[in-house]
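Taken verbatim from TrEMBL:
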| type | residues | note |
| --- | --- | --- |
| REGION | 1-30 | region 'Disordered' |
| TRANSMEM | 50-70 | transmembrane segment |
| TRANSMEM | 82-106 | transmembrane segment |
| TRANSMEM | 127-147 | transmembrane segment |
| TRANSMEM | 167-185 | transmembrane segment |
| TRANSMEM | 197-221 | transmembrane segment |
| TRANSMEM | 241-258 | transmembrane segment |
| TRANSMEM | 279-302 | transmembrane segment |
| TRANSMEM | 331-355 | transmembrane segment |
| TRANSMEM | 376-397 | transmembrane segment |
| TRANSMEM | 409-430 | transmembrane segment |
| TRANSMEM | 442-464 | transmembrane segment |
| TRANSMEM | 476-502 | transmembrane segment |
Amino acid sequence: MSKFTGSPADHGVPGAGDSPDFKDPGAVAASDEGSEVGQLQRASEAKRQIGIVSAVFLIVNRVIGTGIFATPGSILKLSGSVGLSLFIWVAGMLIALAGTAVYLEFGTAIPKNGGEKNYLEYVFRKPKFLTTGLYTGYVVLLGWASGNSVVFGEYILHAANVPVDRWNQRGIGLACITAAFLIHATSVKWGIRLQNLLGTIKVAIILIIVVAGWVALAGHVKLPEDEKPHNFTDAFEGTTGSAYGVVTALYNVIWSYIGYSNANYALSETRNPVRTLKIAAPLAIGVISILYMFVNIAYFAAVPKAEILAAQRLVAASLFRNVFGGTAERALSVFVALSAFGNVLSVIFSQGRLVQELGREGILPFSRFWASNRPFNAPTAGLFEHWLVSIIIMLAPPPGDAYNFILNLISYPLAIINTFVALGLIYLYLNRKAWNWNPPISATLPVVTFFFLSNIYLVVAPFVPPEDGQNVYNDLPYWLHCVVGFGIIVAGGVYWVIWAVIMPKLGGYELDRVTLYDDIDGWERSVFVKKPLQKVQ
């Protein structure tokens, strides 16, 4: 092992007064030909398997999951009208585009695995290791893949014409997430190829829905004349506009866009990461944003308002039935389920690497275990941790509330994290000279400020009580996901207090990090060491 001491801010991340290093890693390796550093760099470069196409599909697979197929009914119910629903989708799109710009700037400045963990640690350095402790709770305790696993089961059962109950839906969901775990744990290359294939299927399904919308707009719907939808006549009829309804509907849209930062989590495994991210992220989110608006227009063109509200998470199936007939409805429902599976693959791919990154930083107990790529050159331990937590979250909530609770539980802590990510970038802008902050891409202060204020709203507004009949849950209190979301992050703070404050005081030592570089594969991990305190004479 090659060893360098100090904090991670001193290694691989530009610090105050230091120029960010944006050199091509291949050029660095060439200049160190024959040296130990050069050998490590070349070994690390051999690990880079993600190109522009795979990076695009990492984002597409993560973003296009079940949200665009399962949430329009809830958004319509919460907003009350077709017109306001479409405006909420536009607002969510703008927030997602702003978020893409923010993460694009941070990702090109700090091109390594870890995503927002790196960005928060870079800006918020005091108290020492607190940011990492808080973020640990967020990464370890959230089961991101659970929601789409649940909807995978629902669409498979719908395609098979089998009534959905609590256990058959979740049993199929369990099989879905287990298959995703095993694929990524045993073969990174084939897992990425399968993600790319399913990403293509997702885009094809979206395009079919868009075309179906055009057919419906032309009046070709398999419904009696008196039952055909007229959703664009008096589009704002029934608008509620309550604070709770709007913000909860907006969370549904945000859920449908989650993943615009997905390529940031695997930049250490990306070829020419700065160039790749600059192309892949805007391309993926720009195309998805346009398609999402067309899909919503298609739903309202093909499905009557009352049927959308009754269909709940199966509105895409209603569109297929109304335009193509019952047989096509069941067949296309299978492809929607495959879209959900592609999303689960993408989610567990990125979240497993976040857990691995926490292991490499030495934050988790048994860090060597979590940091390992053994036995199949994949982050098996990190993937397993996310698989386990996702199963617990998938099985815990009451049947009628499971999907909505998971959706909000994931989205709410993300809004908290994004608030601080945006705040950190604003701080860097206001102190650009002191931090020598000059990355290849700039999101610009107005865009970052918009993203910051949007997430402040998403954090605060859910505490406003809903009006009668607007609680998104059947059996749970409206505020539960907010309290649990804060609790998850606070749990990371409690861990930090025990691990970084109390135990060092009791043991008479202070924590420091030593960065190790593997002589075989060139990858790095950080290990916390206990430095004995000098006794005062």
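Using the three backbone atoms N, Cα and C, a Cβ is placed for every residue, glycine included.
Predicted automatically and left uncurated, TrEMBL annotations should be read as such.
Note that this is a predicted model, so its numbers are computed, not measured.
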Same-chain residues near the transmembrane segment (279-302), Cβ under 8 Å, at least 6 residues beyond its ends: 52, 55-56, 58-60, 63-64, 68, 72, 82, 85-86, 89-90, 93, 96-97, 100, 103-104, 107, 203, 206-207, 209-210, 212-217, 221, 229, 231-232, 256-257, 260, 263, 308, 315-316, 318-319, 322-323
Most Cβ pairs under 8 Å with the transmembrane segment (241-258), selected from 82-106, 127-147, 376-397, 409-430, 442-464: 82-106
Segment-segment contact (the transmembrane segment (127-147); the transmembrane segment (476-502)) at 3 or more Cβ pairs under 8 Å: yes
Most Cβ pairs under 8 Å with the transmembrane segment (331-355), selected from 50-70, 82-106, 476-502: 50-70
The transmembrane segment (82-106) and the transmembrane segment (476-502) contact flag, 3+ Cβ pairs under 8 angstroms: no
Which of 50-70, 376-397, 409-430, 476-502 contacts the transmembrane segment (167-185) most, counting Cβ pairs under 8 Å: 376-397
Stretch with greatest number of CB pairs under 8 Å, the transmembrane segment (476-502) reference, 50-70, 376-397, 409-430, 442-464 candidates: 409-430
Contact set, same chain, for the transmembrane segment (442-464): CB under 8 Å, 6 or more residues outside the stretch: 94-95, 98-99, 101-102, 104-105, 242-244, 246-248, 250-251, 254, 408, 411-412, 415-416, 418-419, 422-423, 425-426, 429, 478-479, 481-482
